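Taken straight from TrEMBL:
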DOMAIN    163-374  domain 'Tetrapyrrole methylase'
ACT_SITE  D193  active site, proton acceptor
ACT_SITE  K215  active site, proton donor
Amino acid sequence: MSESHYLAGLDLAGRRVVVVGGGTVAQRRLPRLVSSGARVEVISPSVTPSVEAMATSGAVTWHERPYADGDLADAWYVLCCTSSKPVNESVSAEAERRRVFCVRADDGAAGTAVTPATGNHDGLLVGVLAGGAFRRSATVRDGLLSALRAGAVHVEGTRPQGVALVGGGPGDPDLITVRGRRLLGLAEVVVADHLAPAALLEELDPSVTVIDAAKLPYGRAASQEAINDLLITHARAGRFVVRLKGGDPYVFGRGFEELLACAAADVPVTVVPGVTSAFGVPAVAGVPVTHRGVAHEVVVVSGHVPPGHPTSLVDWPALAALRGTLVLLMAVERIAPITKALLDGGRAADTPAAVIQEGTTANQRVVRSTLDKLADEVAAQAIRPPAIVVIGPVTALAD
C-alpha cells in the first residue's frame, strides 16, 4: 500500500461489512461500525464476551466458524482482525479480487485501507492519519479533541444556545469537568457564584460579560429571583449563558430552581455536573468518605440552619444514630448546636472529626478533632467559610 493515504468518509449505512476475527482488536473496531448503520457480520470460531453481547443484542451478526473463501461476497468493507497471518492473507487476497477495501490489523501496509484515529466532539467526527504511525495519529487526535473540548478552538456554527448550569468543582480550577471547561470557553455571558473557581474567570476572553452573583456565604446575596431574571434576559437576547457554580449545581446549589425558572420561560438548559465539595474536598485532604470495614454509608447534610429551627428538614437524632460518615456543608457557623444535637442523640463524644477550610486550594487548612471538642477547635482556629465538616471514623485514617 502507498505511503500516502486518501482520507474519505464512507457511508456504510445498510451496507454489508465483514469483520474476520472476534478478539480484542475486532471488539475495538465494532462500536463505530455499528454506529455508522452498517450491517456488520463477524466471522470467527470464538469471540470476546463483549462481542458476544453485541451479537446477542442484534447489533452484529456472528458466524461462529472460521473464515472461508467466498465470505466477502457483496461486502463493501472488510477488516482482518485475526492473529493468524495466513488467514489474514487469504482474506485480503479475496478482498483484492473482489475490489473491496480491506484493513489489515496485523500489517497495515498489506491492506488496501487503514483505520484512522478517530473521535467525536459536538457533532464533529475527527479522523487523523499519519502514514501508518498509529501512535502519532492518536496523539494528534487527542490533542485536537482536547482543544475542542476545552473551547480553545471555536468551531463556527456550534455555539450552544440558552443556559448551561455548570458545576465548577470544589475550588481548584483543574477539577472542573472537560465539558464544563469547554462550555465556559464558548460562553458569551458568565453568571458566577462567589464559590466558583475565580481562576476560571481569568481565562475568559475579554469580550465575555462576567456577572458576579455575589452569593457570599452568610454575607450579602443577590436574590434568587434576580439571578433567574439575569439568566433568562441574556438567553432571550440570543447570548449563550454559563451559570458557573461551585461544586455541583444540584448539591445545595439551587441549580434546579434556576432550571425550573428557565424552563418556565422556554429557555433551554444544559446541566453539567461538577465534582461536589462534599466528596472532592475530603479526598484532596486525605480523607476517604467511605472505606471498607470502616464506613459503609455517607450522608451529606446542609447545615445552613441549626437543629431545632422551624425551617430545618434534617432529622438530627436519626443522623446521630448512624455509624458512618457525615459530611456537613455550610455548617461551621452553626457547628456548636450541630455537635450538641449529635452528642445528645447518642453519637460518641470521641468520634473523629475534621474541618477543611478552602479545600483543594493553595489556602487549604485542615483541623482535626473529636466530636465533643470540634466546636471549640473551630472557634480557636478561627475557621470561616467556605469549609467542609467531616464526622466519622474515616477522618482518623489520614492521621
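Here the Cβ of each residue, glycine as well, is placed from N, Cα and C on the backbone.
Worth saying up front: this structure is predicted, and the values here are computed from it rather than measured.
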A correct count of other C-beta atoms within 10 Å of the C-beta of D193 (active site, proton acceptor) gives 22
Averaging the pLDDT values of the domain 'Tetrapyrrole methylase' (163-374) gives 93
The residue listed as 'active site, proton acceptor' -> DSSP, reduced to three states, gives coil
